[in-house]
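Database features, via Swiss-Prot:
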{"type": "ACT_SITE", "residues": "Glu196", "note": "active site, proton donor"}
{"type": "ACT_SITE", "residues": "Glu409", "note": "active site, nucleophile"}
{"type": "BINDING", "residues": "Gln50, His150, Tyr339, Glu409, Trp451, Tyr468", "note": "beta-D-glucoside binding site"}
{"type": "DISULFID", "residues": "Cys215-Cys223", "note": "disulfide bond"}
{"type": "CARBOHYD", "residues": "Asn222", "note": "N-linked glycosylation site"}
{"type": "CARBOHYD", "residues": "Asn227", "note": "N-linked glycosylation site"}
{"type": "CARBOHYD", "residues": "Asn402", "note": "N-linked glycosylation site"}
{"type": "CARBOHYD", "residues": "Asn410", "note": "N-linked glycosylation site"}
{"type": "SIGNAL", "residues": "1-28", "note": "signal peptide"}
Amino acid sequence: MERRPLHLHLLLFFSAWLLLLLLQGVSSLQFRREDFPDGFAFGAGTAAYQYEGAAAEDGRTPSIWDTYTHSGRHPEDGTGDVASDGYHKYKEDVKLMTEIGLEAYRFTISWSRLIPSGRGAVNPKGLQFYNNMINELVKAGIQIQVALYHSDLPQSLQDEYGGWINPKIVDDFTAYADVCFREFGDRVAHWTTVLEPNVMAQGCYDTGILPPNHCSYPFGNNCTGGNSTVEPYLFIHHNLLAHASAVRLYREKYQVAQKGIIGINMYSLWFYPLTDSAEDIGATERAKQFMYGWILHPLVFGDYPETIKKVVGSRLPFFSNHESELVTNAFDFIGLNHYSSVYTSNNNNVVKAPLQDLTADIATLFRATKNDTPTPEFLPGNTVDPQGLENALEYIRENYGNLTIYIQENGSGAPDGTLDDVERINYLQKYIAATLKAIRNGANVKGYSMWSFIDIYEIFGGYNSWHYGLVAVDFGSTERRRQPRRSASWYSDFLKNNAPIRVEDGSFVSAASHAQL
C-alpha cells in the first residue's frame, strides 16, 4: 500500500479542520409561526394623523401636527389632511387585515377628534368613528392595541398653556385617557400611553424639526418659540408623570374588569462605538442612557440615571417622593420601536457651557455606517442589523430586569413604492428571526408588529418619503386606492399557512410562496 507524504496528511488534516470551523460558524435557523410562544401576537400598525385624514371633518379640531404642516415648515410641504383616508376606508382596511392574517392591529387615537377642545365635551362623531372601527376589528378577531398619544396634541392646549412643558398637561392627559378607557376599554387588549417620547424630546423641543416646532438660538432655527436647554427635559418629565397618572387610573378603575394591560413606548436604536477609544465607548454609553435610561430608569427605579443627572444638572426636573412612587413600576409592558443600529463617537466639538441643549448634553455623533457623515441628533439609521435588536433586548434585561416587551414597530421602506418589495421581505424575516432568537435566549418578548400596515403620511417625508406599508396606497388618486404588496402575501403565508422561514449563514430565505391575496 502506497504511503502518502506527510505534507499531504497535514494538508488533509488542516483542510478538514478549516471545514469544521466554517460549518460551526454558519448560522442555521428555520422556523415557523408555530415556533413562537403561546399568546405571542403578530400585527402591524398605523398612527392617527398619518393614517386617518378627514382633518376638518365631523368636529375634529387642529392638532399641533396640523398647525405645523399647514405652516409650510414640513420638509415636503405636504399635510395629513387626507393621508391614507382611513377615516372613510377603515372597513376596507380591516378586510385587508383579515386577508393578510393580522393577529393584532396597533393604532392611535386622535385626541383632537375625540375631545376637540382638549378637555371637556366628547365629540359624538369622533366617538362613533373609533367605536365603529374597534367593532370591525372585534368582528374580524383581530387583537386591538391602542396608543393614546403620538405627538398630536390638540392645538388648543398648546395655545392655552404650552402643552407638554406645563404640568397642567398631566390632568388633561389623564382625563383624556379616562374617556378612552371608559368608552373603548372593554374591547382593547393593550393600551400604550405615549409613543417615542425619548426621541420626540429632541425633535420637538430641541432642534424643533417636529411639532410644536420649539427650539432656541443657537440650537435650532426657524422655530415658533421655545428653550432648547430646558424644554426637552420638561417634556419627558411631564410625559412620565402623565403616563404614570393614566396607569394609576387604569389600574384603580378599569383593569380588573377590562383585563387589559398598559405600558409606554420608546424608540430604540442600538449603538456601536466607532472605535475602541475610551471617548467613543463613553459616548456610546451616554447615548444608551439618553435612549433607554431616560425613560426606563424612572419607571424601574424611581429616578433619572446618574449619568443624566450629572450632565444636565439643575436643568433636569426632579421627582418628589410622591412622584417617584407614582412612576415606579407604572407599566405592565414596554413597547419598542426598533428599526436599525448606528455607530457612535464622542462629539469633540461640544464645549461645556453654562447653558447647553439636549444635543450637546448627549455629546455624541451618530453614523448609519462607519463612513457616513456624522450627525449629532438621534436620527434613524438605514442599516439592516438584526443583531442590534437582540443587543437592545439584552441590554434592557441586564440593566432593568426581564421586562415584558412588545416590538411595536419594526420595518423597512421602499423609496419608489414598488409592489415587488423583496428587500422589505428580507428585512422583516431577519428581524422576526432575531426576535425568536432573543426569546430563546430568555427575553420576555410577547408580540411583534411591523411598520406599517399601509402606506401613510410619513413624519419626515410626507407622501414623497419611503413607503413602509404592506399595502400600497396610490396617493395620486382621490380614492386613495389600495393594493397589497408582495410583502403582504409573504406575511400572510407566514401567519396563516405556517410557512417556514429559513436562515442560513446570515441570509434569510423564505420558503413561503408569494401567491397573491
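Every residue, even glycine, has its Cβ placed from backbone N, Cα and C.
Mapped onto this structure are the features recorded in Swiss-Prot.
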| residue | record | DSSP class |
| --- | --- | --- |
| Glu196 | active site, proton donor | coil |
| Asn222 | N-linked glycosylation site | coil |
| Asn227 | N-linked glycosylation site | coil |
| Tyr339 | beta-D-glucoside binding site | strand |
| Asn402 | N-linked glycosylation site | coil |
| Glu409 | active site, nucleophile | strand |
| Trp451 | beta-D-glucoside binding site | strand |
| Tyr468 | beta-D-glucoside binding site | coil |
Cβ contacts within 10 Å for Cys215 (disulfide bond), all chains included, total 26
Asn402 (N-linked glycosylation site) has its Cβ surrounded, within 10 angstroms, by a count of other Cβ atoms equal to 12
Pairwise Cα distance maximum in Å, beta-D-glucoside-binding residues per record: Gln50, His150, Tyr339, Glu409, Trp451, Tyr468: 18
Counting across all protein chains shown, how many other Cβ atoms sit within 10 Å of the Cβ of Glu409 (active site, nucleophile)? 25
I want to verify one value. Collapsing DSSP to three states, which class is Cys215 (disulfide bond)? coil
Suppose the beta-D-glucoside site is Gln50, His150, Tyr339, Glu409, Trp451, Tyr468. Which further residues of the same chain have a Cβ inside 8 angstroms of that site's Cβ centroid? Gly45, Ala47, Asn337, Gly411, Ser452, Ile456
To which of the recorded positions Gln50, Asn222, Asn227, Asn410 does the lowest count of other Cβ atoms within 10 Å belong? Asn222
Which ones in the same chain are close to Cys223 (disulfide bond), with CB under 8 Å and 6+ residues apart in sequence? Gly208, Asn213, His214, Cys215, Ser216
Gln50 (beta-D-glucoside binding site) falls, by three-state DSSP, under helix
Could you state the whole-number distance in Å separating the C-alpha atoms of Gln50 (beta-D-glucoside binding site) and Asn227 (N-linked glycosylation site)? 27
Surrounding CB atoms that lie within 10 Å of the CB of His150 (beta-D-glucoside binding site), all protein chains: 25
Could you give the Cα-Cα distance between Asn410 (N-linked glycosylation site) and Tyr339 (beta-D-glucoside binding site), in whole Å? 5
